[in-house]
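> According to Swiss-Prot, the protein has these features:
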| type | residues | note |
| --- | --- | --- |
| SIGNAL | 1-36 | signal peptide |
| ACT_SITE | Cys243 | active site |
| ACT_SITE | His340 | active site |
| ACT_SITE | Asn360 | active site |
Amino acid sequence: MNSSYKSRVFNIISIIMVSMLILSLGAFANNNKAKADSHSKQLEINVKSDKVPQKVKDLAQQQFAGYAKALDKQSNAKTGKYELGEAFKIYKFNGEEDNSYYYPVIKDGKIVYTLTLSPKNKDDLNKSKEDMNYSVKISNFIAKDLDQIKDKNSNITVLTDEKGFYFEEDGKVRLVKATPLPGNVKEKESAKTVSAKLKQELKNTVTPTKVEENEAIQEDQVQYENTLKNFKIREQQFDNSWCAGFSMAALLNATKNTDTYNAHDIMRTLYPEVSEQDLPNCSTFPNQMIEYGKSQGRDIHYQEGVPSYEQVDQLTKDNVGIMILAQSVSQNPNDPHLGHALAVVGNAKINDQEKLIYWNPWDTELSIQDADSSLLHLSFNRDYNWYGSMIGY
């Protein structure tokens, strides 16, 4: 083989290698550009501060995957790869914020749940953010609404008032979750505006789809779940005060394995003389809850406080329904939801910790939270104290 032939072969190989290098660099650049474009199209949520207490971070990172897996099992959904987005806050229009932190839970690229960390018991309400004990809860609260706009290159502020929850974007306020109130309307647009004070204070942003390094040891073991065998969500409370009616109907349908009960019929039975127009304003008193249960062949009794995990476990195994009686911590006498009723669906053990599963009639999905927490942080941004239970449905 002469030297000129060797030279030609060397040149050809050199050209091929340079071409491959150019192609790979181009692909790398395109990949980086695609990643940059994808990152630039991510939603940002406005917050006053992006600082989160370390104990909140650790608790969220340790628990979110197990909670998500347990809630997926309740809806017969396939489990997947769970990730935790950045925590955001919710504000009133005047700038007040609540004492909870909200984490988007991401599964296979979609925001599917919201992990809420809020004060564990009434005593914690008066403690600083760093000193209070936190309860962990998971639900689908505004998760779908966030998922729909997660890839939008925009900034929103999450707001709340007595009518529900809103997203504010470019000065426009949109209702995303309405409060169940007699006469309430699910208006899409609101004339409300963010206060100038709050606008000035919103100096930071968080990204709901940004996954941070998990510094805490993540645990996702669901060792045990026990629920009322035939429990189904068939209806949802909105423009009325029938929380106990919805809860009793759901529990009786479950324990009797039927679908004949509904909130309207129960309230009509309790208030036979009231017009249809006025019926949405009627609420239910403890003696009515007991008497209605007895009329359906159930021996109902009132028990003060939160039932123990062991009691819930046994009653659920025995196909006995428990209704939660809760009272708003704010104690506002003009509050149409000063009292609230919910249905206990069962219990679970996640990462060796005891949890309760319940249904809030305002929601279309179940919620899971710590069994030793007497505070319920419910759908429209208020804390309720679980003060008693009606047992026997």
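Here the Cβ of each residue, glycine as well, is placed from N, Cα and C on the backbone.
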> Over all shown protein chains, what is the count of other CB atoms within 10 A of the CB belonging to His340 (active site)?
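Counting Cβ neighbours of His340 (active site) within 10 Å gives 25.
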> Between the Cα atoms of Cys243 (active site) and His340 (active site), what distance do you get, rounded to the nearest Å?
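Here the two Cα atoms lie 6 Å apart.
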> Neighbour count, 10 Å Cβ-Cβ cut-off, for Cys243 (active site): what number do you get?
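Neighbour count, Cβ to Cβ under the 10 Å cut-off: 26.
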> Distance between His340 (active site) and Asn360 (active site) at the Cα atoms, whole Å?
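Here the two Cα atoms lie 9 Å apart.
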> At a 10 Å cut-off from the C-beta of Asn360 (active site), count the other C-beta atoms across all protein chains.
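Summing over all protein chains shown, Asn360 (active site) has 27 other Cβ atoms within 10 Å.
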> What does DSSP call His340 (active site) in the simple three-state scheme?
strand
> Let me know the DSSP-derived helix, strand or coil state of Cys243 (active site), please.
helix
